[in-house]
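According to TrEMBL:
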- 57-77: region 'Disordered' (REGION)
- 61-77: compositional bias 'Polar residues' (COMPBIAS)
- 104-126: transmembrane segment (TRANSMEM)
- 132-153: transmembrane segment (TRANSMEM)
- 142-479: domain 'Citrate transporter-like' (DOMAIN)
- 228-257: transmembrane segment (TRANSMEM)
- 269-297: transmembrane segment (TRANSMEM)
- 309-327: transmembrane segment (TRANSMEM)
- 347-365: transmembrane segment (TRANSMEM)
- 377-397: transmembrane segment (TRANSMEM)
- 417-441: transmembrane segment (TRANSMEM)
- 453-477: transmembrane segment (TRANSMEM)
- 489-517: transmembrane segment (TRANSMEM)
- 529-547: transmembrane segment (TRANSMEM)
Amino acid sequence: MATFSIGTHTHLCMFHHFRNSRLSLHGLHSLQSSPPSLCRIRGPSLLRNHVLARAEDKARGSSTSSPQQFQDLPTESGTCDPLCSLDETSSQDFVDSYKPKTDLLKAVAVFAAAATGAVAINHSWVAANQDLAMALLFVIGYVGIIFEESLAFNKSGVGLLMAVSLWTIRSIGAPSTGVAVSELTRASAEVSEIVFFLLGAMTIVEIVDAHQGFKLVTDNITTRKPRLLLWVIGFVTFFLSSVLDNLTSTIVMVSLLRKLVPPSEYRKILGAVVVIAANAGGAWTPIGDVTTTMLWIHGQISTVQTMKGLFVPSAISLAVPLALMSLTSEVNGKGQDSPNVLASEQMAPRGQLVFSVGLGALIFVPVFKALTGLPPYMGMLLGLGVLWILTDAIHYGESERQRLKVPQALSRIDTQGALFFLGILLSVSSLEAAGILREIANYLDAHIQSSELIASAIGVISAIIDNVPLVAAAMGMYDLASFPQDSEFWQLIAFCAGTGGSMLVIGSAAGVAFMGMEKVDFFWYLRKVSGFAFAGYAAGIAAYLALHNLNISLPTTLAEVPFLSGS
């Protein structure tokens, strides 16, 4: 699925140094001397400006080097966020390839695109050809999202621009502006629920991580036997991802692997297992993956029925790749012992309490929805509020532990990821309001009679295209009148969209995170992992269809609880 990177920028610390030094070069240099526990330099914008200055000097043939204070800024990956390599170009590569005319060309291209859009919106044919105009704009915007690295345009900005442009065209083509505004108001209310839910969840996870709460999980992984470690890592990630999002689970587990296993082909295989397990684990619970959360919030699936119906297929979609990978030479090779680096890491004060409350807050969300009938994001905000008050209380008067509190955690969560989802979901909702998605659904119904094939195809496509717009499009194409809540179609959509992205390393947020953290390239994953992931995907679908046709589901006492059985 699409991305939830957790970038960390210590803005307050940098501002403090700049203010005290009156923006002098000496003040920039003094950033190095800050205690690492209070001020970890992760300023990609500052480094980027420095690299740009060096590149321009080189392009002009200048022999003047950049100030020493800037050269001393750390550029090693050890001071960078786990996902920074996804957004930041290597400094030396950028300097070698930089051309001054590039920025001018990009500026001209952006201006030309904006001018073309303005002319098109004011042109009379837009009103008469609304569907064509919106479809073309959506395709162009989505191409910009797919090739964001080549075009050097952040996908969040492209998504927001696309959303506003699509709704502008819809306002022109609608029977009246009032109709378009009413449609936008309804769509914004639905999309906002998902965005608030994600922001609350990311903040809770960030607070737990700041307290080293996940150390309680990683400390229990002690085995170094290659084959056993493969299975342990897989199923720990599987269950961790069921209560966290798959991106966070991947970051936690890949960071653990770096301390358990030395750099090798075997560690890459373990990282690939983390990707498959994170996507499989997120598919069988409403809070494990953003696509299942979307389906759950909008009523297509319920809590207990989804867990009962998808647990076994999700587990099989992980077990099959694990069994096949256990036979490879990388796993059967001799294991290498490595020192226990985790023993040197210390959990923050009251970290165990914060971990318990944070995890409990996430698990309580579906219970809150069943008890009150309120939207899930209200339960998530309740959990965030409790954790906020708790951290304020236990760290009261501890000025050196401000980073453990919610205000600084809010500055570290992936806000641009949330804005990307906002742009994508608003864009898809505009297509739904215009009736375009309904036309596509009618076409599929006329040419593809099997709902199982449609759901399976969505999963395969999600390995190439982000699964968030795919699921959003499916929700717009088919309503609850066509497929009622917890029907086979919606559960298959949840499973396929969640696990299908494992087939390619770029097919999910977990895969992209793994690619950036371990420097794994696309073709390595395609050769070594894609076949195993596809086998697990197909086995999971077969398992679901077999269980569904035989009316077999996972037995659970939760189904007997009155307030959960109707959730």
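Just so it is clear, glycine is given a Cβ too, placed from its N, Cα and C backbone atoms.
Remember, TrEMBL labels are computer predictions, not curated facts.
Taking pairs at least six residues apart, the transmembrane segment (269-297) and the transmembrane segment (132-153) share fewer than three Cβ pairs below 8 Å and do not count as touching.
Between the transmembrane segment (228-257) and the transmembrane segment (417-441) there are fewer than 3 Cβ pairs closer than 8 Å, counting only pairs 6 or more residues apart in sequence, which means the two stretches are not in contact.
Per-residue confidence over the domain 'Citrate transporter-like' (142-479) averages 83 (mean pLDDT, predicted model).
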